[in-house]
Amino acid sequence: MPEPDPFRISADEINYLIYAYFKDSGFSHSAFVLRAESKLERSAYYGKSVPRGELVELLGKALLYSEVEAHWRGNNMTLSCTNKFGLLEPHVCSYDPELPPPPPPVSHRVPLASVQPQAHSHGYASSSSESSLKRKASAASSADHPPEKRTRTDGSRDGGLDVRSTSSVERTPSASRASSAAPDHANAALYPSTAKSNGTTISSDPEEHPDGPVRLLKGHKAEVFVCAWNPVNHSALASGSKDSLVHLWNVPGPDPDGNVPSTVDPPIVCAYAAVGDDRDLTSITWSPDGTLVAVGCYDCILRIYDAQGKGYFVQQQQEKGPIFAVRFSPSGRWLLSASLDGSACLWDVKQKQLHAQYRNHKECCLDVDWLSDTQFVTSGSDGVINIMHVDSMKPLKQLVGHEHEVNQVKCNPSRTRIASCSDDMTGRIWNIEDIGSSRTVDDHSLVLSGHTGPVSHIAWAPITISGEHDLVATSSFDGTSRLWDSATGECLCTFHDHKSNVYALAFSPDGRHLATGGADGWLYIYDVAAKEKRWSWHTGSSQPSIFEIVWQQSGNLNRLAMAMERRTVGVVDLTRIPDLQ
């Protein structure tokens, strides 16, 4: 009897992975053609969720396997090859002549997989697999952010808190210091009835342990991609999901005696949901006065709701293209939107109309941020950053230096510098304090080098200690997050705790802590000054990803909200965590 194949891969599976990649990358037409010609609707896999970034991750693992296979020599792994592996080029080893020659290769080859085309497949499995393999990290690319099914960290359980006192932190010599973190076992004392016998992991599922620090808000029917706290009404939380539905939650904080309501009322579901396949929400933001909430969506329609969930303004852009980012101006007069068509649109909020459309990117406009109520900055997949004035169609200044698309652009609190991050695996700091003056703006940027994957998020520390330089944090698809000195470009430390892509990054408003969330389902909170992990929590789900983190501090409130793949919004009451006090 022949031995069975180790595993089998069908063309349907490959086509569906490529289809998810197309959708995620904004290639809507290519996704439609692939779905039609390969008849994916007839497939048993159609409609199933695949892990976000799975195609790229599987190809990465295949490259690692190929490297092992090519370099295996009997019982030794030859490490002297200096040539890199690639997806499209055959590997030819090149050895350092100063090292002894490797032993002859072993001819045995382990069978990897058997690809079985199906009757209704049309050959896309072989041709499309050679296409580019990029999937974006930002919320804007979440068009099939499918639920993840990754291997969970050993020892975790549903809704588990990681209370190990160790942390994967790498510090540069100048930032190194002795560890002073209190052991994470202090968490077990907070909920002694829920602690496991070894005192290392406790459950925080709110249905099982309502006194835990994490509360899950259930109501969404699809993966939750975005969330935002109201800046004025601190009980109001907005969240948006893959099906385009926006929920407005009333999440009251503790009363003067410290008591928190045991339940949260059902959310208000906003009107004017999208129809069709492209319904993913990409961004959400409140107006400065907390009366309006704006959302960007893949269906090309800008939506603004009032605080009661009623439609205030719904308008399709002049040129169809997913909206990747929306931002209110500091006064709330204007709203900016960034679009796939390469334009940034300026909307007059009070007049409910388009004021101007700026077409200065050759490719997608991916992010926008405000410098003042009249100046703003845009970034695009053409690698260019434009500094704009609302009354001018042409940039005041173009900042060029990134070698790949610029995923995010953020202004520092004083609005004198810009931080950007890119798929070229770098962040950059740009000095713009002379914008608007007669002096020339320096094109030179400070490069933040060290990541080994696309840098998806960048953030400024909101508060800087007197006499010290501003801090910047970055996160990447390499599974790490980093803290940087924005004046020198020095990497102060690297956090290695995540085992997969890092999707979310947020400083606490007081600048004391940094939170990260990722595809592995872990939320990590670090002490910025000590550069140490203080607390962590796992979603405990077969759909583990954390897509966005937003922090809230006001009065006796100190909490963060998480947009999660498991179709829930997580709210963490940080006042209940001793290590964070």
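Glycine is treated like the rest: Cβ placed from N, Cα and C.
Among the features that TrEMBL reports, compositional bias 'Low complexity' is placed at 119-131 (among others).
Feature annotation from TrEMBL assigns compositional bias 'Basic and acidic residues' to 145-161.
Annotated compositional bias 'Polar residues' per TrEMBL: 164-173 (among others), in sequence order.
The compositional bias 'Low complexity' feature in TrEMBL is assigned to 174-189 (among others).
Residues or ranges marked as compositional bias 'Polar residues' by TrEMBL: 194-204 (among others).
What TrEMBL lists as region 'Disordered' is 115-214.
Per-class residue totals from DSSP over the repeat 'WD' (217-251), listed helix then strand then coil: 0 helix, 19 strand, 16 coil. According to TrEMBL, the repeat 'WD' annotation covers 217-251 (among others).
With DSSP classes pooled into helix, strand and coil, the tally for the repeat 'WD' (274-306) is 0 helix, 18 strand, 15 coil. Residues annotated as repeat 'WD' in TrEMBL: 274-306 (among others).
Mean pLDDT for the repeat 'WD' (316-357) in this predicted model: 91. Taken from TrEMBL, the feature repeat 'WD' applies to 316-357 (among others).
Here TrEMBL flags 399-440 (among others) as repeat 'WD'. Tertiary neighbourhood of the repeat 'WD' (399-440): same-chain residues 134, 136-138, 363-364, 366-372, 375, 377-387, 446-449, 451-460, 462-463, 470, 472, 474, 476, 478, 484, 486, 489, selected by CB-CB distance under 8 Å and a gap of 6+ residues from either end.
Per TrEMBL, repeat 'WD' is recorded for 448-494 (among others).
According to TrEMBL, the repeat 'WD' annotation covers 495-536 (among others).
Residues of the same chain lying 6 or more positions beyond the ends of the repeat 'WD' (217-251) and with a Cβ under 8 Å from any Cβ of it are 49, 139, 142, 145-147, 264-270, 273-274, 279-286, 288-290, 293, 295, 297, 299, 303, 305, 307-309, 543, 545, 547-548, 550, 552, 554-555, 557, 561-571.
Residues of the repeat 'WD' (316-357) grouped by DSSP class, helix first, strand second and coil last, total 0 helix, 24 strand, 18 coil.
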